[in-house]
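Accompanying notes for the structure given below.
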């Protein structure tokens with residue numbers, strides 16, 4: 001029964017914001033978000049500390065800062081409406097929380113796409129034990 005509950009919770013999160021954000025990342029970078037960015041550098045993935053390791057990691061740092069600003073909107077779980085039009089991401093929600101979360105994800109996906117050339121395999125599955133420098137402020 002516990003396993004069934006865990007799978008149900010995971011499926012709910014997959015249908016929410018993180019899944020949508022992953023689709024945006026794939027659209028802008030051509031890389032699968034789960035395998036390429038879920039544990040990249042010091043900031044891509046859950047949590048974050050230390051100094052961003054490259055421009056791609058800095059995109060995730062800025063995204064974390066954006067999520068901090070919209071924290072009352074439960075950004076990791078809030079789903080929203082958006083579309084792709086000629087490779088542009090259009091956030092289309094009238095709800096202010098959903099729109100704000102979508103904009104955080106949109107800006108991060110664009111940033112990752114613009115900096116895909118900085119992506120370095122050595123930062124994939126990067127241990128947080130390497131992220132010891134003083135954490136920057138948002």
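Note that the numbers count up from 1, one per residue, in the order the chain is shown.
Glycine is treated like the rest: Cβ placed from N, Cα and C.
Quick caveat, the model's predicted, so the values are computed rather than measured.
The Ca(2+) site in Swiss-Prot is built from 43, 45, 47 plus one of 64, 72, namely 64. Of all the binding-site residues listed here (45, 47), the one with the fewest other CB atoms within 10 A of its own CB is 47. Using Cα positions, the member of the disulfide-bonded residues 73, 104, 138 nearest to residue 63 (active site) is identified as 104. Close to residue 59 (disulfide bond) in the fold, though at least 6 residues off in sequence, lie 44, 108, 111, 112, 115, each with a CB less than 8 Å from its CB. For the pair residue 102 (disulfide bond) and residue 47 (Ca(2+) binding site), the C-alpha distance works out to 19 angstrom.
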